[in-house]
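Features of the protein shown, as given by TrEMBL:
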type: DOMAIN; residues: 446-500; note: domain 'Kazal-like'
type: TRANSMEM; residues: 26-45; note: transmembrane segment
type: TRANSMEM; residues: 65-85; note: transmembrane segment
type: TRANSMEM; residues: 92-114; note: transmembrane segment
type: TRANSMEM; residues: 172-192; note: transmembrane segment
type: TRANSMEM; residues: 213-239; note: transmembrane segment
type: TRANSMEM; residues: 259-279; note: transmembrane segment
type: TRANSMEM; residues: 341-360; note: transmembrane segment
type: TRANSMEM; residues: 380-400; note: transmembrane segment
type: TRANSMEM; residues: 412-432; note: transmembrane segment
type: TRANSMEM; residues: 606-627; note: transmembrane segment
type: TRANSMEM; residues: 660-680; note: transmembrane segment
Amino acid sequence: MRDKNYACGVRFWHPEWLQKYATTKWFLGIYGLLGTVQAMSYMYFIVTLTTIERRFHMPSQTTGIVLSGNEISQILLSLILSYVGGQRNRPLWIAWGMVFCGLSCFILALPHLLYGLGDDAFHLTKEYFDIVGTKAHVILGNSTAIIPKKAEDRGLCKATVDEEECENIVKIVPLLLIFLSQFILGIGNTLYYSLGQTYLDDNTKKKNTPLMLAYAMALRMIGPIFGFFLGYVALNMFIDPSKTPLIDRNDPRWLGAWWFGWILLGTAMLMFSGLIALFPKRLPKDKAMLYDSHQPRTLLAEESKNLNGDLEIDTRSPPKDDLPKLKDLPKALGRLLKNRLIIFNNFAAIFYILGASGYMTFMARYMEVQFHRSSQSATIVVGPLTIGAMLTGLLLSGWVISKKRPSASKVLFWNVIVACVYMCGQFSYMFFYCGDTRTMMQNGVFNLTSTCNRDCHCDKATYSPVCHEPTGRTFFSPCHAGCQSWNKAENTYSDCTCALPEYSNLPTTPPSFAQIGTIHQEIKTFAPGSKQTTPKFFNPSVKPTSSTPASSFFDTLTAGACLEGCTWAFYGFTMLSLLVHWVGSSGRIGNVLVNYRAVSPEDKSFAQGLTLMMLSLFAMIPGPIIFGRVIDTTCLVWNYQCGKRGDCQLYDQEVFRYSMNGLSLVLTGLGAIFDVLVWFHGRNLDLYGEADEARLKEMEEKNNSDNTRKLPIS
């Protein structure tokens, strides 16, 4: 009779044709594909995050708090789930974890299904035009048409102030739904990470573990490439595909279909969870894989008696006494907390993740601010190239460690070198950027209110930059440029009074160091919609003259900021990122092996659970919140609605760059210190199970000797 512990299937269904798939390679394939889909969901969330923020008016600090739901569930449940699930049917528990991940994806799509595209986006559609008219005129080709209030003027100069509508602003419920989805996702992530890789390690020859882990991580690493692509496709669709937008994808007010990918990802996770649930509790083993940390010692002893012939598997169910008990959890936790190597390795990972959390969470915004590229166009270039570099570094390191078997001292010292490369890269990032475009400025600051737009009522105009190509000047919005007409066919603005030659002579030089603090403080405290319509540091010195020729009174501006030729900076940043991530990925296998080999076999899965809890508590939760707060302090112009501050519309590029990269550099440096401690204390670690192999060989020789003595003498 076949033992269910070693048979593919579920409950009472274990067909014979399914048993050939009970191999490490098949588990690796399914587990890796699950990781691919899971990584897709993570990167898809990062790519669409700025769209979600603009849709629901979320500041960066709030985003960090909402994202902490994932880590909160890991803090609360990772120890229990990894301790109890670690010695039960791990594939089945992983499958349930993926069900939770799929459910979280569907919950993430709920805010759109409940609240739709929102008023801001709806006011930019043809359907709104069919309902509401306006007095503003827009040039459509060779004709003039009346279009709706929000889409029409696209922030044009208006003689009257529109009343602000506040009753339809939705914030709390979508945030709660996003937080709930992240909380449920954390349960699935805990089961996937803490149980999956240890199951692989227990069913693989120890010398092959690095390569198997590299394959699993590589399959997971492919996920972000597809996540980038899915995000690119989704964000290029209008947030409501059933509506016809009156703006194009390059307009700063464009909102993509951020919700679309979650339905596809949730469905894929549910499908793969059913496949991984079919794997047995333990895979049939060969002689070199008898030392399974999750196999009761009584079974190991029984199997060891059969080394002379074909391996016979004991079909007895594990005794109940061998199953984990919650009352033993504190004792197991105490063993791990006293393990200096595990603690040092975990703190090294904590500071690395803290240092990288700004890039992981806010990379799309970093590219927008530093290189003036949309999140779609930037990530579709940087993302796949970076992932490709990480893949090659990961696979190469896994192959080298498996085949060449470098000493633990060499593997761990390489991680110290990796940390130094990371720090050099983060320092160098500070020097790659596209210079801020010349704007209608006074002392280097946006001229939010001037004589030329004084009667345009631009207090509530959102950041929609327009470019005056002849002078290379960028205006905050068409309203601030004094534009009164929009040509939809060419997406240009005309009748722009602030583009007059009289105003082109305003100074555009940056402020002096003595002025910077005052100027920044003035902009940050200037709330659109307040009675103070002109920041006090601005004092218009140029006024239009009556002698201005009529032919020069009107000028044309194009949508979007004036971009300087700085392609070299963007691609230089990309190439440097490739190098840093290629080297960095080569150290991941060594970190994982330390966690596996520095503990007793029965604590392996539990050690992974402890690692997840520590990373969540000290890195994943505070990281996005800290960087979100730092990024918010670099904001120059906030979007206010009904007196409440929402998302940031304009950042101080230089302060943003130095603050984010400088903080990352310091945190990575702390991680490097702990890597040195790991190298010092773990340089004699047995990474490849050589002690187990020697022990197994000794048992074989002993059994052969005993059997020889039992042979009858002829």
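Glycine residues also receive a Cβ, built from the backbone N, Cα and C atoms like all the rest.
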*Between the transmembrane segment (380-400) and the transmembrane segment (259-279), are there at least three Cβ pairs closer than 8 Å, leaving out pairs fewer than 6 positions apart?*
no
*Have the transmembrane segment (606-627) and the transmembrane segment (92-114) got at least three CB pairs under 8 Å, pairs 6 or more apart in sequence?*
no
_Close approaches to the transmembrane segment (213-239) from elsewhere in its chain (Cβ under 8 angstroms; 6 or more beyond its ends)_ = 28-29, 31-33, 35-44, 46-48, 51, 55, 112, 117-118, 121, 125, 196-197, 200-201, 245, 249, 254-261, 264-265, 375-376, 379-380, 383-384, 387-388, 390-391, 394-395, 397-399, 402, 585, 588-589, 592-593
_Chain residues outside the transmembrane segment (26-45) and at least six past its termini with a C-beta under 8 angstroms from it_ = 91, 94, 98, 101, 105, 108, 185, 188-189, 192, 196, 199-200, 203, 212, 215-224, 226-228, 230-231, 234, 261-262, 265, 268-269, 272-273, 275-276, 279, 283, 383
*Two-stretch contact, the transmembrane segment (660-680) and the transmembrane segment (92-114), at least three Cβ pairs under 8 Å*: no
*Positions whose Cβ lies under 8 angstroms from the transmembrane segment (341-360), at least six residues beyond its ends*: 46, 366, 415, 419, 422, 426, 591, 594-595, 598-599, 607, 610-611, 614-615, 618-620, 622-624, 626-627, 630-631, 660, 663-668, 670-672, 674-675, 677-678, 681-682, 685
*Mind checking which residues reach the transmembrane segment (172-192)? Cβ under 8 Å, same chain, six or more beyond either end.*
34-35, 38, 41, 52, 56, 58, 62, 66-74, 77-78, 81-82, 85, 93-94, 96-101, 103-105, 107-108, 110-111, 114-115, 609, 612, 616
_Beyond the flanks of the transmembrane segment (412-432) by 6 or more, those residues with Cβ under 8 Å of it_ = 348, 352, 355, 370, 569-570, 572-573, 576-577, 579-580, 583-584, 586-587, 590-591, 594, 657-658, 661-662, 664-665, 668-669, 671-672, 675-676, 678-679, 682-683, 685
*What does DSSP give as the helix, strand and coil breakdown of the domain 'Kazal-like' (446-500)?*
6 helix, 13 strand, 36 coil
*Long-range neighbours of the transmembrane segment (259-279), counting only residues six or more past its ends (CB under 8 A)*: 8-10, 18, 21-22, 26-27, 30-31, 33-34, 37-38, 40-41, 44, 48, 91-92, 94-99, 101-106, 108-109, 111-113, 230-231, 234, 237, 239
*Restricting to the domain 'Kazal-like' (446-500), report the mean pLDDT as a whole number.*
79
